[in-house]
Every structure is written in C-alpha cells, then in structure tokens.
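Lifted from TrEMBL, the feature list:
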- 49-96: region 'Disordered' (REGION)
- 55-65: compositional bias 'Basic and acidic residues' (COMPBIAS)
- 130-196: domain 'P-type ATPase N-terminal' (DOMAIN)
- 225-296: domain 'P-type ATPase A' (DOMAIN)
- 396-417: transmembrane segment (TRANSMEM)
- 429-450: transmembrane segment (TRANSMEM)
- D508: active site, 4-aspartylphosphate intermediate (ACT_SITE)
- D508, K509, T510, E603: ATP binding site (BINDING)
- D508, T510: Mg(2+) binding site (BINDING)
Amino acid sequence: MPLGKNNGQKARLVQNDQYELENRNNQRGNAYSGITIGQLVPEDISEDENLDFPESSHNRNHDNNSDYGLENITEPGNRSDKISNYQKKRLKEPSGTGYLTRASTIIKKGFDGLIENQNVSENSGKTRMIHLNSQESNKALKYVSNYVTTAKYNFFTFIPKFLLEQFSKYANVFFLFTSCIQQIPGVTPTSRYTTLFPLLVVLFATAVKEMIEDFKRHSSDREVNTSIAKVVRNGVLISVLWKDIEVGDIVRLDNKDPFPADLILLSSSEPEGLCYIETSNLDGETNLKIKQSRTETSNLITVDSISKLVGFINSELPNDNLYNYEGVLISRGGVLGNVALPLDPSQLLLRGAVLRNTDWIFGVVVSTGHETKLMRSASAAPIKQTTVEKMTNKQIAFLFIILLVLAVFSASGNYIFLRNKSSKLDYLYIPSSVSVVQFVKNILTFIILYNNLIPISLMVTMEIVKFWQAQLINSDLDMFDEKTGTPALARSSSLVEELGQVGFIFSDKTGTLTCNIMEFKMCSIAGDIFAETVDPSKKAKVVNGKTVGQFDFEALVQKIKSSDDKSDLYQFFEHMATCHTVIPESVDNSTSKFEYQASSPDEGALVKGAAGLGFIFTVITLIF
C-alpha cells in the first residue's frame, strides 16, 4: 500500500543499512550518491511523497534480498537537501576510509577534468536528471549532442598537430636545424634553400597523405552521424539522424541495429523484456549477452503506451565503467503510476553494441556522444611510433653524433692550419688567430657541408612505401571475407610495418581461431555412448556378455521411445531441453517448428540436439 502521511511518522533511514551502503560505495569508488537507498520501512518515505513500491520493483540482480526505497525524491531544482544527524556526523569525521576515499575521488575528478579533451555537459552534481517524453526539459539541462568524431585533425588543429608529430622524428628536427643555420650569412657555404626546399617537399608529401587518411575518417564519422534511427517524439515514431538524438529520447531499434547511444532497455519483442546484444566491438567477445528490462516496463510495447511515460530517470554521471550502472526510474503517474524502479547493468545497452536475435526494442537514451561509456573509455590517440621509426631515430641520433665529431675535428684542423700557415700566406687576408665565435661558426659550416651524411630522401621514401603497402592490404583478395563481403581495411598507413613485427599472439581459440559453430554430435548416458556418426570399428557389440562400443542416434531414438519418463535417457534429454536461457521463436506460427535464440552457441546446439530427438522446447512460462 502507499506509504506517506497516514503513517504519522517522519521519514528516516535505518542507520546500519545506510552505513553499510556508504562503505560499499566507498570501496567501489562510486560517486553515485544523489539517491539515498536503504532498507525500506514504513518511516522511509517523506510525508510529501506517495510512491507505490510493488513487490516486484526490487532489483532482481542485487547481491542481497532487501527492497530499495527512496527518500525525498523531487524534480530538478527542488531536491531536498535534508540529511540525518547521523549522516552529518559521518560527513564531519576527519578520518576514516570514507573521508579519504571521498577526498581522493574529488582530487582524481579534478585532474580528470583538467586533462579531459572531450565535450561534457553543463549538468552538474553527483547524478543527472533525465526527463521522459519531455524534450524541452532535457534541452534546458544542456546535455551534449550525439555527434561523434574520431578523426585525428580538424581545420584548426591540423597544422599544430601535424607539425608536432613530424618533428618528433629526429631526421626532420635535424634538417630543420640545418635549414636554420643555412640562413645565417657568413656561415653557410651553400644556398639558403638547399635543405629547406627538400624539407618542405617531404613535409608536403606527408601532409597530403595525412589529409587523405583523415578525410576517410571524417567520411566514416559522417556516415555514422547521419545514420537513421527511429525516435518517439510527441507520441509519434519519427526518423532522425544519429547526431540529432538527444538525452531522454525513447528510441526503437530493430534486429541487427547498432545502438546509437547508451540506452536503458524499456521493453522488447521477447517475453519478459529480454533482448540479445553482441558486444564484439566493445570487448571482442562474439557470444551474445542477455539484457532484461524491468518487469513493470516490459509491457510498454506500443508507441502509444511508451509516449505516456511520465517522470524521469535519476542516473549516474557519465563514466568509463562498461560493466556498471546505477540509476532509478521515477514514474509520476502516467502509464506506470507512481513507482520507483531501480536500474542496474542488466538494463544498460551501450553504444557500440548491436541488437541480435530480437525483433525490436524500446530504450531511453541516458548518455550521448562523447559522454557515452564507449567514448569516455577511449583515450586520446597518442603520437605513435613504429619499431622502424624508433630504430631510425636511434640511428639518426648516432649519425648526428658522428657528424658533430667530424665537424669539430674539421674546425680544429682549420684552427691549426691558420695558426701555422697564416704567416706564410700573407697575400691572403687570413687572421692569425681564431676567436671562439669564429670557431663555433666553423663548426656550423662543416655541419652544413657534411649534412648529406643523413639522407633527406629517407623519410619521404618511407612514407611513400607505407602508403603503397596500405593500398596493397586494402586490395588483397586473401584478406577478403566472402561471407560478409568485407575487405581488409588499413585505417592508417603509418603503422603497417608493425604487422611484420608481431612475435607473439595471445588468443583464446573459441571464436578466434575457430568458427565457433557448435553442433550436437555425441553424448554419454549411464555408460552408453551415442553418436551422430559411428565409425564401423567402434560400433556397439557384445563382448563377454557386455555391450561395448557406440550406438548411433537412430538406436537412441528407439531406446527413448521404449523408455518411460523416469529413465536416465528421458531425464537426460529433459534437462537438455529445459536447463538453459534459450528463447524459442515459432516459424510461420507453427506449433512444431521453432528457431532458438541463444546467448551462446553451446546452449543453442544442446537445445537443437534435444529437439532433433523429440524433446522440443516450445515456450517460456517464467523467468527469474
């Protein structure tokens, strides 16, 4: 029943539970503390609230069996700042794990804010409020757009970033130094542009290559940002571009659609609000993962019912933790009534994942653009150097030392020559002594004369070879995937030679070195072995009164037909057909033909194997 004014008691929290929760949050380093959660008792709801907590509204996946309530939940701008005396005492304590953890968290966030290079929203606080079906309210909170760029450069950053990267190479630094000293009158024995012009040609050729590759990245970003998604706005399902999706939008996605932003699953075409997602773009795992909506929202399967959602989601702030999420969906009347629904990672759908084996889902956007977990976990691209470049830098540094030694020896020889021969060459204007300034100038002159020791054509030749190798990779038929029609794609020619430097490969074999296709081929039941195909030398036969060898599946079917439901055979296949998380789907509304949607190929193979032997899994009646 609703808890509120009729109880005649003030809102309070069970202090022991709150203390335990604070410790748990501190140990996790979790900044999510804008909602007070504790053991729900009749005094836990403030007098101005009238929230109905159904029996099923607790978090099914939490580590304990307690229900969760909320204290003083209000609209943004009107949130109550009341805290208990116990909480005030805890906050004033100058020592303890909680205090130190909070302090370290604040310091860490401060440094993260200084080095963060992505756009962030202006919504401040420890949680963010996301309104449902209220676009104007969410716009007022100034969340970031869903526009994403992965390009290396833009119009303003190309020149500084490009020059910084190029002059991290020792060869370019050396030739820039040589070009500079060639501009000094009385030092250079050559033209002022002898080294400068070739250096500019090298930089120009490299810049053209970088622009071509970055243009491809911009094109890829444009393709992603202009993808079409279906969004419920003003009670109508409309099509919008990905870049125009906003926080709080309710999105409808179909099978094989990628998620355009971080979503909270509301409902799906599957029973109990289940859906399957593929996260290979996030963690490399090809096995499907199961997500499940809250039971209370799983029945919102039409645009009309979805558009009647009224309330907001109190969500954690954007972070890079792919495997954790905390939030609460607060319904203020509407189709759900007054209810608070805790949210956890089982409802979170991350940008970068793909919907699989599910006809459709509805989900509400909680993070967009560079605030999604995928983008926040992606660090800024560093300036990468290949093994060849590192080796080249070392050798150029070694050659420069040799060149410097030669220049010093030559300048010293010039000094000795002038000191000994100047008096005999009086017809020439040669000073009898050399000053320190002149000695340094002589060293610089000899550096210019000997600069060909380091070939300026080396770097441009390497860039041309890398670019050509990338084109060969892109057109290599041996790297073409015929099943998906996908060719190899070298996204950057700067690192292609690293493919030849691989010395070790660490990999799990399932799905990486194998196709990960599972089929039911053989089983052993109560000591008897049954196989789909039996080798003639292994066929079952009687030896000394005992049956040894293997039976084929035809013999297995006959044994099943002649056995009762208490037999080992019957119970074996009954367990195969029921102990799993597979979802059956009828083929053309048939009552005997089904397709099975499995989160792993192992489960799918076992259920299909049982169905082939007469134990057909047809329907799910209860999921918990």
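Cβ atoms here come from the backbone N, Cα and C positions, even for glycine.
Note that TrEMBL annotation is computational and uncurated.
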Cβ neighbours of E603 (ATP binding site) where a neighbour is any other Cβ within 10 Å: 19
Counts by DSSP class (helix H/G/I, strand E/B, coil) across the domain 'P-type ATPase A' (225-296): 11 helix, 34 strand, 27 coil
Secondary structure composition of the domain 'P-type ATPase N-terminal' (130-196) [DSSP: H/G/I, E/B, coil]: 28 helix, 3 strand, 36 coil
DSSP-derived class (H/G/I helix, E/B strand, else coil) of E603 (ATP binding site): helix
